[in-house]
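TrEMBL annotations:
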DOMAIN    44-296  domain 'G-protein coupled receptors family 1 profile'
TRANSMEM  30-54  transmembrane segment
TRANSMEM  63-86  transmembrane segment
TRANSMEM  106-123  transmembrane segment
TRANSMEM  135-155  transmembrane segment
TRANSMEM  203-229  transmembrane segment
TRANSMEM  241-261  transmembrane segment
TRANSMEM  281-299  transmembrane segment
């Protein structure tokens, strides 16, 4: 059980330290880098959302999952990056007590959501490859929409467990969060009293939402590989492996670094320095949302064809507008 401490200095705000070793003269450079990263991520992902909304040919189960992942990436980036940008642009490290807890909840919410999306993505590929004849009946657009909405709702449960635990503890001493944003590990380190229950419960919740979907992902890809080698068509084999390889890379970037960051405090002789933990967290948090739009545009034939068609239309419109502008006015 967790109990409130009676004697403590109440913490009303926290300080986002960010990268501890970063010198003050580099703050603006880092702020510009983070700003460009944020704009590129949001614009790149929203282009896919617009493409999905305008092109009816993309309104299929696989692309519904993709749009769900895109919206989750935009949400995560918007929750995490603006405050970090402000920290380095205006040296504004302060974040309110409840704002920090809200950010922590949403950070882990989108992390849990991504894990459920990866699970749904693996299930979709498993049914498409292993049961190709039954796939159109099993995985329809309405079915995928229901699964997607269910994922967005259920993902609140996992960070919600930790949020309830945090209401039962107090914070005292340092208010410096040695991380790029508010997260459970950083806030647990600042908690008063015995932290073992909070730390253990948070770790168990994180491992459940990570390892249960990962277990099915591994099982599904194992079955997919077996099915692929039984295919008679070489072209079909290459297409399936290409699609699964793309998703496999994204899934690996998502799961593997998270496992090490979450497990390091609980495994003897596996300690991470603050800088390495923050760098690893930064990598798995912001790299996948940045590359996902480019990966899907380059690796998905249908999206690549639509993108090429859009570019051709723009090239046709521009010469016409320039010719119209060159026509002299008759007086």
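Cβ coordinates are placed from backbone N, Cα and C, and glycine is handled just like the others.
Any TrEMBL annotation is an automated prediction that lacks curation.
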Other same-chain positions with a Cβ less than 8 Å from the transmembrane segment (135-155) and lying at least 6 residues past its termini are 59-61, 64-65, 68, 109-110, 112-113, 116-117, 120, 124, 127-128
Comparing 30-54, 63-86, 106-123, 203-229, 281-299 for Cβ pairs under 8 Å with the transmembrane segment (241-261), the winner is 281-299
Tertiary contacts of the transmembrane segment (281-299), defined by C-beta under 8 angstroms and 6+ residue spacing from its ends, are 37, 40-41, 44-45, 47-48, 66, 69-70, 73-74, 76-77, 80-81, 179-180, 183, 242-243, 246, 249-250, 253-254, 257-258, 261, 307
If one takes Cβ-Cβ under 8 Å and requires six or more residues beyond its ends, the residues near the transmembrane segment (203-229) are 108, 111-112, 115-116, 118-119, 122-123, 125-126, 129-130, 158, 161-162, 184, 237, 240-241, 244, 248, 251, 255, 258-259, 262-263, 265-266
In this predicted model, the domain 'G-protein coupled receptors family 1 profile' (44-296) has a mean pLDDT of 86
